[in-house]
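Below are the features listed in TrEMBL for this protein:
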- S879: active site (ACT_SITE)
- K922: active site (ACT_SITE)
- G550, P551, P552, G553, V554, G555, K556, T557: ATP binding site (BINDING)
- 85-96: compositional bias 'Basic and acidic residues' (COMPBIAS)
- 245-260: compositional bias 'Basic and acidic residues' (COMPBIAS)
- 273-282: compositional bias 'Polar residues' (COMPBIAS)
- 283-293: compositional bias 'Low complexity' (COMPBIAS)
- 122-397: domain 'Lon N-terminal' (DOMAIN)
- 786-973: domain 'Lon proteolytic' (DOMAIN)
- 81-102: region 'Disordered' (REGION)
- 225-293: region 'Disordered' (REGION)
Amino acid sequence: MRLLVTAINPKSLPTIIRHRLSFARTFCTSQHSLNTRELPIFLKQRPGNNVSLTQSRWNLRLLNENVRRCRSVPVVSLRGFSTRRPSDKDPPKEVEADADQTDEYPASLPATVVVPEVWPHVPVIAINRNPVFPRFIKLIELSNPVLVDLIRRKVKLNQPYVGIFLKKSEENEAEVVENLDDVYPIGTFAQIHEVQDLGDRLRLVVMAHRRIKIVGQILEDLSAKPPHDDAASVVKKSRRASQRKKVESKPVEQNVKLEEPVEDTDVDVKTVNKPNESANNPEETSTSSSETSVQPLLMVEVVNVTHEKFRQTEEIKALTQELIKTIRDIISMNPLYRESLQQMLHQGQRVVDNPVYLSDLGAALTGADAHELQQVLEEMDIPKRLMLSLALLKKEYELSKLQQKIGREVEEKVKQQHRKYILHEQLKVIKKELGLEKDDKDAIEEKYRERIRQKTVPKPVMDVLEEELNKLSFLESHSSEFNVTRNYLDWLTSMPWGITSPENLNLQQAAEILDKDHYGMEDIKKRILEFIAVSQLKGSTQGKILCFHGPPGVGKTSIARSISRALNREYFRFSVGGMTDVAEIKGHRRTYVGAMPGKIIQCLKKTKTENPLVLIDEVDKIGKGHQGDPASALLEMLDPEQNANFLDHYLDVSVDLSKVLFICTANVIDTIPEPLRDRMEMIDMSGYVAEEKLAIAKQYLVPQAMQDSGLTEAQIMIEDTALSTLIKSYCRESGVRNLQKHVEKVARKVAFKVVKKEAEKIDVTNSNLQDFVGKPVFTHDRMYDITPPGVVMGLAWTAMGGSTLFIETSIRKPTEGKRLEGSFEITGHLGEVMKESTRIAMTVARNFLSKTDPGNTFLYDSHLHLHVPEGATPKDGPSAGTTIATALISLAKNQSIRQDVAMTGELSLMGKVLPVGGIKEKTIAAKRVGVQCIILPEENKKDFDDLPKYITDGLEVHFASTFDDIYKICFIGGRTANPLGTSSTIDVNVAPSQSAALLGNRNAV
């Protein structure tokens, strides 16, 4: 079809032509005009190109290529010539104006449109992942509003061509790139076959045709402009555009080109100038560079890229055949490639005869990386392109082999599991039909009934069991209630109903076991033997509740295990230190998720007897929280009158605990609640003296350390003198835990020397003891070797054991000239009870001094200071009253007391000496530091008489009922000094044992 133009009124043009042809407004007339006034039309495209018009299918071609001079005229007329012969069925019709068709375009473009061989200006579609090879179709979805609007305009102008380029960065997800560096320069020229407008986005079906290369960027003025009808402005733009030079893909015979026609779409298209043009046109260069910096890459100027010429050599044939063979191998392994290949191949096309298309086809079939596929796209040498494509196909083939291998392994594994499952199900059905196996519920019920068949289950418990078993038979096995009931029955049937372990009632055998494991502890051993004797006479055993209290490291926990061995009872231990939840003792309600019985029920299930020995450790450190008071929960469990019917919250049936022997351990009994303490039989376990520690070290600690270190008697020998020094200078605590650590340390160092072959046998003596355990911790027994006036030694005890401490009094400042009342300052981190004792002692001392020495007003007039070392150790308790009063009298009389005296006792306001606790610990502490005279309250005589002889040997003990008795003992043979009490040399060496013994705000003094 050919189109001629005649100058007529533009209103006579068909509407579809007037609106569709963007180039209908600018044209030129020849210097030699034709008689028929046919005028050439200058297209926006290059001369010689065909433009397909939507719906009307007008094809326009430039008529006159020898135009020298152009001028604008306001009217044109178009006359069409069709190459198709008209038929009778197709009467001639005029094109009518249709307003509705001006803003619409078809969803699919006519397939008969001829793709131009040269199309220099194309919109840019930047894609990720895989490039599009020629002759391949791709579905693209666009959402960028600027790019969507551009594609819509191009399709309306019947220019459905785009350039598809691959982004260099896979992380760049933007549809519109900023500059040319963001995309690879070589891409594909594609035709839009179908457009689906989804409102805010477009869905395009494009087909790539050939390779193209970007040679420059074209800038578009995206701002809307009204159509310019002024002929002068059109001519001005035409002249400026005619001066620009562009790179042409092929030579053009035209002398004049109008590159920027004013279109109906109101878009001004500008081409980026080349460097040589910028010098001639500086104004346009600045304008173009500014626009380039701000505008995205939408339109580019491209040229066609053709491959190098090649000949059908043997190498190309071999590469082609290898490519085809590899593709066949891949298709045989993975049928999905067959479908992809069928979609890529055109009908009736022989791929074997076209190495160019075969290389692209092989690369497109693979899932290679984007840059590898781009290398194939950019390669213009056909043999090299075939080689690159073949390499990618080989990699894909190896990947397919690995994928097939993994698939076979997984399939075989699944097949085996499925087969095993089917066989198990068949076997289960066969066994059920033969009666060899019962249903799950029947098996569970039979298991529970078998558990209780040999047990003596109480009738109330049996009724609950029957009820729960019947309930279980009606429940679905997958329901939550089924699992709750099953767990409950499991606990209920695991209880040792009526099962007891045979007890050892042989006194001699029990005594041997106790003596073998522990040294001393006569009170505990005697109590256990009494329990066995009562059981022998009575013929049955009853549970008891004992409480061993004493300092750490004396063997409270370990003796409980020895007692279980001596009685042949099962042993179970749990600690209540820091426990704050009542449910730990009495269990949770069954309705809670994850509910469990309490500790005692867990004990019975684990020991499988009704008469175990249960050790409740650290009962004095039990906590109390918002979830209840566990100490109160222990009352029911430890009450001999109630624990025969102990009710756990989880089991909700009565459990007999009357045969259980409960042993509790505690460091102090003051923190134990009185109702709980009343239910237990308290047995005191005081600390060890040096002689006991030495015996324990020789009989138990040293042999155990040698065994743990792998030493024999031929390799190590620890002398008794070394052990005595170790006890006196390193381990002065009441227990033997620290002594055990030091003995193990010596054994380890000896083992190290033996392995290094420094000696075959090592003797540990006093001379080399420091090589194994370091320097001594305690270098002096006492803080004062000679006590000055105002200083008296007191006795204290804590959970760590007994200790000695000094009460120091002195003048704080000189007495003023006027007869005013003095002051009294107290330091030493004292508690409230001890502060009250100091005020009571001051009153007693003043009254006593006024009677014995009326003229002495020292305690009334002086500014006194009382201090109890060490200052960092909290101290509290009433038992230092006698010691404080004695120190004040000594300071007032300026006379020191006997040097070997230590005392303890609470003092009343009338001078009475009241009893105190911890007599054994205090006596041991006094003997440890070499004190020979001890003053105790009269009412504590019974406690002192119960002490072993090895503790009381060598001690001069006085029992005082009033302060007058203490005064007579202390102030005989005293030594006079100056009022500040500094005449004697004072060795202020504070023993660390006092800090350790008095740590914590307890009743220490």
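Counting begins at 1 with the first residue displayed.
Cβ coordinates come from backbone N, Cα and C, glycine included.
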Give the three-state DSSP assignment (helix, strand or coil) for T557 (ATP binding site).
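In three-state terms, T557 (ATP binding site) counts as helix.
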Across the whole of the domain 'Lon N-terminal' (122-397), what does the mean pLDDT come to? Round it, please.
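PLDDT averaged over the stretch: 72.
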Compute the C-alpha separation of V554 (ATP binding site) from S879 (active site), stating it in Å without decimals.
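S879 (active site) has its Cα 25 Å from the Cα of V554 (ATP binding site).
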With a radius of 8 angstroms around the mean position of the C-beta atoms of G550, P551, P552, G553, V554, G555, K556, T557, what other residues of the same chain does the ATP site pick up?
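In sequence order, the nearby non-listed residues are F548, T665, N667, M685, S734, G735, R737.
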Between the Cα atoms of G553 (ATP binding site) and K922 (active site), what distance do you get, rounded to the nearest Å?
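Spelling it out, the Cα of G553 (ATP binding site) and the Cα of K922 (active site) are 17 Å apart.
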About how far apart, in whole Å, are the alpha carbons (Cα) of G550 (ATP binding site) and K922 (active site)?
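Pair distance, Cα basis, whole Å: 13 Å.
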Report the same-chain neighbours of K922 (active site): residues 6+ apart in sequence with Cβ closer than 8 Å to its Cβ, ordered by sequence.
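Expected: L795, A796, W797, G802, T904, I934.
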Please report the three-state DSSP label of G550 (ATP binding site).
coil
Could you tally the C-beta atoms, other than its own, that fall within 10 angstroms of the C-beta of P552 (ATP binding site)?
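The Cβ of P552 (ATP binding site) has 16 Cβ neighbours within 10 Å.
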Which ones in the same chain are close to K556 (ATP binding site), with CB under 8 Å and 6+ residues apart in sequence?
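Correct list: F548, H549, G550, T665, M685.
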Just going by other Cβ atoms within 10 Å, which of the binding-site residues G550, P551, G553 has the emptiest spot?
G553
In angstrom units, rounded to an integer, how far apart are the Cα atoms of S879 (active site) and P552 (ATP binding site)?
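Counting only the Cα atoms, the answer is 23 Å.
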Counting only other Cβ atoms and using a 10 Å cut-off, which of the recorded positions T557, S879 scores lowest?
T557
Sequence gap of 6 or more, Cβ distance under 8 Å: name the residues on the same chain that satisfy this around G555 (ATP binding site), in order along the sequence.
H518, M521, M685, G735, V736
